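Visitor: My questions all concern the structure below.
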């Protein structure tokens, strides 16, 4: 929504303004790679506070209509701050009871933003210029800082700063339930190297790389496919794009009753979603040349795609050691960003060279590849002997998992 106005302001073409997207993605990848070590050093509360403040500052800088090079730099900072926030939140939620349901609810709001954000930006641009949108984004960065500071765990119960495997928990030695800070068993700066040497994490990263590429590719090129290949009206194609993101959002919210009422495990949810995604892509390709049927195929595709990313994040404690979970989550996020940049570009290239009709078969190939990677990961996970219970990222005391208390004492 903002690109045409920015292109007019700076007098550049799409390829040049696209540098802001590249910078944002690079910043996100860099932050994802270092969020684990930084979190082990500073803790969750300080990370959220710092990332939110930096995010707001970057949007303020963008709102000042800086030179294009500075705007690109600000986009890099926005990506870095966003990646830090997401990595910390994912690590926090992965250590909570019912992590699968909570993680899906957390990421469902990505779909809410994808639905409401463009509408809000479009409405604002009718009465103001794009810097006004940046000012609002800067203001929206402040509430997460306040909420994180008031509700995130204090240092003595911060899951990034407490006991790791093999350490002695002070509260356990005292004979009471709880957790206490101890020396880290492994330096944070070596965590990333340890993570990338673990096959389970690498397989999960490859799967999410394909997943994000498929999700973003359909979201980016679905409109073009419907209008150019299926002769769907622009209005209906726009509604279909919204329906796709609506399905993704509903799918993530639906993961909660799936785990609580249907008693489905995280791995069962992933298996169902992989099959559903593959079938939906096949139906999109095989749907008769009818505008309504082609459009309806996007909703179940979004529904089954939705839970894959957050559910995979929620089982990270089964893929690696507890003290490496934040770093592993960051690495998986970086892999997802890479896929979100690579595969939509490949889809666009194929569409340009061959034709828009190629979107469904390419999407189906990615869905099959995603399912194949999940099959490999699932088999390796089943044979790894790792427990599937509640994450022990906060340390164990007498067999119980330490819980976080809202409104903790200040550092």
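FYI, residue positions are counted from 1 along the chain as it appears here.
Backbone N, Cα and C define each Cβ position, glycine as well.
Unlike curated entries, TrEMBL annotations are predicted automatically.
Just so it is clear, the model here is predicted, and its values are computed rather than measured.
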Visitor: Quick check on the annotations: TrEMBL lists transmembrane segment for one of 191-214, 383-406. Which range is it?
Guide: 191-214
Visitor: If contact means at least 3 Cβ pairs within less than 8 Å, sequence distance 6 or more, would you call the transmembrane segment (47-64) and the transmembrane segment (293-312) in contact?
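Guide: Answer no, regions not in contact.
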Visitor: Short question: which residues 6 or more past the ends of the transmembrane segment (324-346) have a Cβ under 8 Å from it?
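Guide: Residues 22, 25, 28-29, 31-37, 39-40, 83, 86-88, 90-91, 94-95, 160, 188, 191-192, 194-196, 198, 201, 204-206, 208-217, 220-221, 309, 312-313, 316-317, 362, 366, 391, 393 contact the transmembrane segment (324-346) from elsewhere in the chain.
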Visitor: Six or more residues out from either end of the transmembrane segment (106-126), which same-chain residues have a Cβ under 8 Å from its Cβ atoms?
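Guide: Sequence-distant neighbours of the transmembrane segment (106-126): 1-2, 5, 89-90, 93, 132-133, 136, 219, 242, 245-246, 248-250, 252-253, 306, 309-310, 313.
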Visitor: Find the member of 70-94, 132-152, 191-214, 267-287, 293-312 that has more C-beta pairs under 8 Å to the transmembrane segment (15-35) than any other listed stretch.
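Guide: Maximum Cβ contact count belongs to 70-94.
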